[in-house]
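Engineer: Okay, handing you the structure first.
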């Protein structure tokens with residue numbers, strides 16, 4: 001009997017993908033470009049177009065970056081699907097991380113492929129400082145990265161504990 005692989009976590013990719021594209025669709029349908037609706041004293045919903053990557057990285061270049069980010073999203077997603085296939089389903093944190101990153105990367109890739117830009121709309125600010133505007137896909141990618149860091153920390157802690165137990169057993 002074979003064990004379930006990490007591919008069973010791809011439902012999480014699908015959720016991140018669909019929720020991201022649905023929220024972007026709603027923003028594009030309901031907002032004019034740069035229109036902003038105040039939600040909280042530190043938070044607006046603001047429709048912006050991002051021609052680069054996170055924090056508008058490479059946004060001011062001649063257009064080659066669009067193809068670069070599409071290829072990068074495909075390559076990373078393919079690599080992470082491979083890792084999911086190799087992982088055991090019991091590796092919940094790592095599998096969840098990979099799945100969230102895949103969903104976010106592919107959602108932004110579809111947006112970039114279809115529109116030539118990524119729709120961003122979460123706008124947090126304090127006084128005159130505005131954090132870069134972002135979307136659900138960005139959140140999924142960041143949570144995935146955070147989970148990978150957490151998993152690495154937990155794995156390292158377990159290695160240290162295993163060594164301590166091993167030393168105690170040798171005495």
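From the backbone N, Cα and C atoms, a Cβ is placed for every residue, glycine too.
Feature list, courtesy of Swiss-Prot:
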type: ACT_SITE; residues: 120; note: active site
type: ACT_SITE; residues: 138; note: active site
type: TRANSMEM; residues: 8-28; note: transmembrane segment
type: TRANSMEM; residues: 64-84; note: transmembrane segment
type: TRANSMEM; residues: 96-118; note: transmembrane segment
type: TRANSMEM; residues: 133-153; note: transmembrane segment
Engineer: Whole-number Å distance between the CA of residue 138 (active site) and the CA of residue 120 (active site)?
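Structural biologist: One finds 9 Å between the Cα atoms of these residues.
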Engineer: Per DSSP, residue 120 (active site) is which: helix, strand or coil?
Structural biologist: strand
Engineer: Which residues, sitting 6 or more apart from residue 120 (active site) on the same chain, put a CB under 8 Å from its CB?
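Structural biologist: Once residues fewer than 6 apart are set aside, residue 120 (active site) is near 48, 49, 50, 132, 133, 134, 135, 138.
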